[in-house]
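What follows is a short report on a single structure.
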């Protein structure tokens with residue numbers, strides 16, 4: 001329906017059920033129009049054509065609607081429009097024709113509106129609120145340049161209407177204590193210069209977690225991430241090859257170490273995706289930052305990161321528990337848990353890790369809170385992700401406490417002299433090193449999470465970003481190095497792999513003979529029970545058995561457990 005003749009400068013039509021805008025051709029003195037909280041879905045080209053004669057139209061509020069499309073010429077006739085509010089709509093693009101005179105523009109709450117804006121688009125802009133911080137990069141290169149402001153009415157008075165003396169005191173506060181007046185010509189020049197370069201209040205402001213130029217703002221971080229990627233992918237690949245491709249016996253602990261290496265390799269792959277994005281967007285990350293955060297690539301990166309980190313922690317917990325249970329079972333029943341049971345428990349760990357990684361995809365947590373695609377809290381981030389992060393960190397801390405208590409109990413039993421219950425001291429020692437390094441490197445992440453919960457961010461965002469990029473994935477490259485450099489099993493497995501490759505290429509017949517001989521040897525060795533060794537150690541010294549055992553140097557090889 002048509003709106004009757006109005007003699008008032010304002011028209012408030014908010015909080016209605018308006019789906020299509022009516023005709024405004026009889027609104028003779030309309031200056032402000034409020035249409036917020038309606039159901040408007042489209043702004044056509046002829047919506048404001050009837051207001052062409054109105055030169056006093058200054059404020060247009062279309063916030064909290066369902067606007068999906070605005071015709072490119074919808075605002076062309078509104079020559080006097082200075083304030084436009086389109087908060088919380090469903091815009092994909094914003095037509096710029098007719099908006100050159102805007103001083104205030106609100107676009108927050110339009111997640112699909114990710115296109116960047118330039119200074120030339122809004123030459124008179126003073127207050128700008130956009131969906132993403134990257135859209136503010138065109139108005140300054142440093143986060144300290146921006147002044148945060150969320151007040152729509154803070155800039156109602158034009159610079160020309162302000163009291164000259166008051167504006168002088170605002171621009172030059174240092175002159176309030178002087179006992180002389182400024183020269184009139186100098187004051188006029190300073191005022192004109194301030195009008196030529198107005199301060200733009202653009203929110204949200206860029207920062208370390210919303211960078212304008214580079215995803216990795218430091219070459220130290222960039223090189224560190226690439227080193228982590230290369231070491232984690234290559235070294236974990238070697239560990240997986242040595243564990244699963246070697247013809248040697250695959251013990252339960254060795255299987256878990258290989259599984260942890262697979263999880264660590266996934267961490268390296270997720271870090272490689274971030275490093276690749278940094279390389280492809282080098283120098284102009286602001287153009288692609290919003291699309292990267294909201295795209296599928298960021299969600300895949302976050303999913304792999306959470307899946308890998310949680311799987312590594314759960315599998316490490318299982319390895320510690322398996323070592324302790326194995327020693328207890330050997331003392332009580334003469335055998336350890338079978339490899340099949342350990343594989344089933346590892347599948348459960350992988351399932352739990354998958355559930356934790358999937359939850360942010362269903363709005364329980366968020367991967368797109370920052371371009372790092374991690375569900376961990378960031379300064380000035382959304383509080384909705386904090387509950388998921390705290391639950392995740394508490395679960396990991398519980399796992400580390402379980403690991404620590406389990407291994408303390410195991411070492412206490414070893415101090416009592418119960419060495420016969422441990423079949424493979426090298427793997428037990430390796431798991432202990434994994435526990436130490438992973439617990440130590442996870443402490444900064446837990447500290448940052450609880451500091452965010454208590455609003456105690458005492459360190460700079462740059463340091464927080466460095467911890468997330470370097471310290472958090474660091475166990476993925478340290479874990480395989482510990483196995484490759486200090487575990488004798490890798491040298492034995494690598495030697496067997498090399499010998500297997502040479503025999504397969506040169507002597508296929510002899511290889512089969514050696515395999516048959518080795519299989520016979522392994523079968524014979526598997527018949528040796530630890531109870532027999534204990535019986536031998538309990539014989540009197542007069543028989544000369546114990547001196548003979550002490551003087552005999554056993555070869556460095558993995559003892560095969562006796563399993564029925």
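Placement of Cβ uses the backbone N, Cα and C atoms for every residue, glycine included.
The transmembrane segment feature in TrEMBL is assigned to 219-243 (among others). Within its own chain, the transmembrane segment (219-243) has Cβ neighbours under 8 Å at 250, 254-255, 257-258, 261-262, 264-265, 267-269, 271-272, 274-275, 278, 465-466, 469-470, 473-474, 476-477, 479-481, 483-484, 489-490, 493-494, 497, counting only residues six or more beyond its boundaries.
Residues annotated as domain 'G-protein coupled receptors family 1 profile' in TrEMBL: 235-483.
Sequence annotations record features per position, and here TrEMBL assigns transmembrane segment to 255-277 (among others).
Residues or ranges marked as transmembrane segment by TrEMBL: 311-330 (among others).
Under the heading transmembrane segment, TrEMBL lists 342-365 (among others).
Taken from TrEMBL, the feature transmembrane segment covers 385-410 (among others).
Positions annotated as transmembrane segment by TrEMBL: 431-451 (among others).
Counting only same-chain residues 6+ beyond the ends of the transmembrane segment (463-486), those with a CB under 8 A from a CB of the stretch are 208-209, 216-218, 221, 224-225, 227-228, 231-232, 235-236, 238-239, 257, 260-261, 264-265, 267-268, 270-271, 274, 305, 308-309, 312, 372, 374, 376, 378-379, 430, 433-434, 437-438, 441-442, 444-445, 448, 457. The transmembrane segment feature in TrEMBL is assigned to 463-486 (among others).
Against the transmembrane segment (431-451), stretch 311-330 shows more Cβ pairs under 8 Å than any other of 255-277, 311-330, 342-365. Beyond the ends of the transmembrane segment (342-365), by six or more residues, the same chain brings 252, 255-256, 259, 263, 299, 302-304, 306-307, 310-311, 314-315, 317-318, 322, 375, 385, 388-389, 392, 395 to within a C-beta distance below 8 angstroms of the stretch. This prediction places the mean pLDDT of the domain 'G-protein coupled receptors family 1 profile' (235-483) at 88. Beyond the transmembrane segment (255-277), the same-chain residues lying 6 or more positions past its ends with a Cβ under 8 Å from any Cβ of the stretch are 215-216, 222, 225-226, 228-229, 231-233, 236-237, 239-240, 243-244, 292, 297, 300-302, 304-305, 307-309, 311-312, 315-316, 318-319, 322, 339, 342-343, 346, 353, 371-373, 427, 430-431, 434, 469, 473, 475-477, 479-480, 483.
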